[in-house]
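Lifted from TrEMBL, the feature list:
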ACT_SITE  Ser60  active site, acyl-ester intermediate
ACT_SITE  Lys63  active site, proton acceptor
ACT_SITE  Ser115  active site
BINDING   Lys219  substrate binding site
DOMAIN    266-356  domain 'Peptidase S11 D-Ala-D-Ala carboxypeptidase A C-terminal'
Amino acid sequence: MKRKKIIAGVLSILVLIGITTNTGYASIPDISAASAIVMDVKTGRILYSKNMNDKKPMASTTKIMTALLALENSKPDDLVKIHRNAVGVEGSSIYLQADEELKMQDLVYGLMLRSGNDAAVAIAHQISGSTENFARLMNKKAKEIGALNTSFMNPHGLHHKEHYTTAYDLGLISREALLNQEFNEIAKTKVWVAQRDGFKYFHNKNKTLSEFDGGDGVKTGFTKAAGRCLVTSATRNGMQLVCVVLNAPNWFQDSYLLLDHCFNQYQSWKVIDREIPLKTVSVPNGKKETTKIVCPEDIIVPVAEDEKGKIITVLEVAESINAPISRGTKLGRVKIYVDNKLLYTSILVAREDIETKNILDRISNFVQKKQ
C-alpha cells in the first residue's frame with residue numbers, strides 16, 4: 001500500500017448545503033444557573049458555557065449515567081428480582097416491593113421518567129451486586145468518556161459530599177447517552193406503561209417535551225444541596241443540542257433561553273453527504289482497478305454566520321489499495337475543521353466489493369494493453 005496522502009481544502013459544493021437560516025446575533029442570555037453548558041450532540045462542539053468546570057452536586061441528573069450503564073450491561077427483557085435494599089429508598093419512587101420481578105426496560109423507564117430512586121438501586125444491584133460496586137462502574141465509565149472531574153457515590157444522586165460533577169462533564173455524559181438510540185427513545189417518552197400490577201403509569205417529569213420547540217429530553221434533578229439541576233435536549237433541522245444547568249433557580253427558563261440562543265446563532269451544515277463519493281483510489285491488483293471512497297454517515301456540524309467560509313476537510317487515505325476489498329472496509333478517515341480547530345473525525349470506507357485479479361484477468365489485461 002502506498003504512503004498516505006493528506007488532501008485538504010475548503011469544501012465548496014458539500015459545505016454549502018445549509019439547513020437553517022438563523023443568522024441573527026442576539027445578546028447572550030442572562031441566566032440564574034451557577035454553571036451551564038450547551039453542546040452539539042453530534043460533534044461535541046461547545047456552543048455556550050458558564051463556569052463549566054466548577055464542581056457541583058447534580059442530584060437526579062446522576063440517573064443519566066445509571067440509565068446508560070443499564071442499557072449497556074443488560075437487555076430490555078431481562079427480569080430483575082428487586083433487592084430488599086431498593087425498597088423504601090428516600091425521595092422519588094416507583095414503589096418497588098421486595099422480590100417483585102420487573103423487566104429491566106420498565107426499571108429504566110421508571111428511573112428516567114419518574115426519577116425512581118428505588119429503580120436506581122434495583123438496577124445497581126442487578127448489574128454490579130451493590131450500589132458501591134455500581135458507583136465504581138459509573139466512575140470508570142465517566143473517565144472513559146472524558147468526564148475527569150466527576151465523582152459518583154451512588155446511582156440516584158441523593159446528597160453525598162463526594163458526589164459531584166461539572167457542567168462540562170455532565171454535558172459529556174449526556175452526549176454519550178444521547179448517542180445511544182435506546183436512551184434517546186426513553187428520554188423523549190412522555191408516558192410509559194410498565195408490565196406490573198399497581199403503580200405502572202410512568203409520566204415524564206420533564207416538561208421540555210411538551211412546551212419547548214424540538215424538546216426531546218433529558219432529566220430533571222433537585223436536592224437542597226444541589227438546587228435545581230436540569231439536562232435538556234432539543235433537535236431542530238437535524239441538529240440536536242444538549243443543555244446542562246446546575247444550581248439554577250430558573251432551571252427551565254434558563255435552559256430554553258440558552259437553547260434558543262444557540263439555535264439562533266448556529267446553523268446546521270451538512271458538510272459530508274454519505275451518498276457522495278469523496279475520492280477515487282487505485283486498486284492495482286483488483287478486478288476493478290479503481291474504487292470510490294465514501295463516509296458511512298452524514299456529517300452535520302453547527303456553524304456560526306462568520307464561520308461559513310472557514311470549514312475545511314482533510315481526507316487521510318492511501319493513493320492505492322490492494323484487493324480484495326469488502327464493501328464498508330475502513331480505508332481512511334476524514335477530519336472536519338472550523339476556523340482551524342478540529343471539530344469532528346469520521347472514517348472513510350469502500351463503496352463496493354473488489355476481488356483480486358486471477359491469472360486469466362491478468363492475461364486479458366495484458367492482451368488489451370498490447371492491442
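Here the Cβ of each residue, glycine as well, is placed from N, Cα and C on the backbone.
Automated prediction, rather than curation, is the source of TrEMBL annotations.
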Those residues of the chain, 6+ apart, with a Cβ under 8 Å from that of Lys219 (substrate binding site): Ser60, Thr61, Lys63, Ile64, Met112, Ser115, Ala187, Asn206, Leu230, Val231
Taken over the domain 'Peptidase S11 D-Ala-D-Ala carboxypeptidase A C-terminal' (266-356), the model's mean pLDDT: 91
Secondary-structure category, per DSSP, in which the residue listed as 'substrate binding site' falls: strand
Secondary structure content of the domain 'Peptidase S11 D-Ala-D-Ala carboxypeptidase A C-terminal' (266-356), with strand meaning DSSP E or B: 6 helix, 54 strand, 31 coil
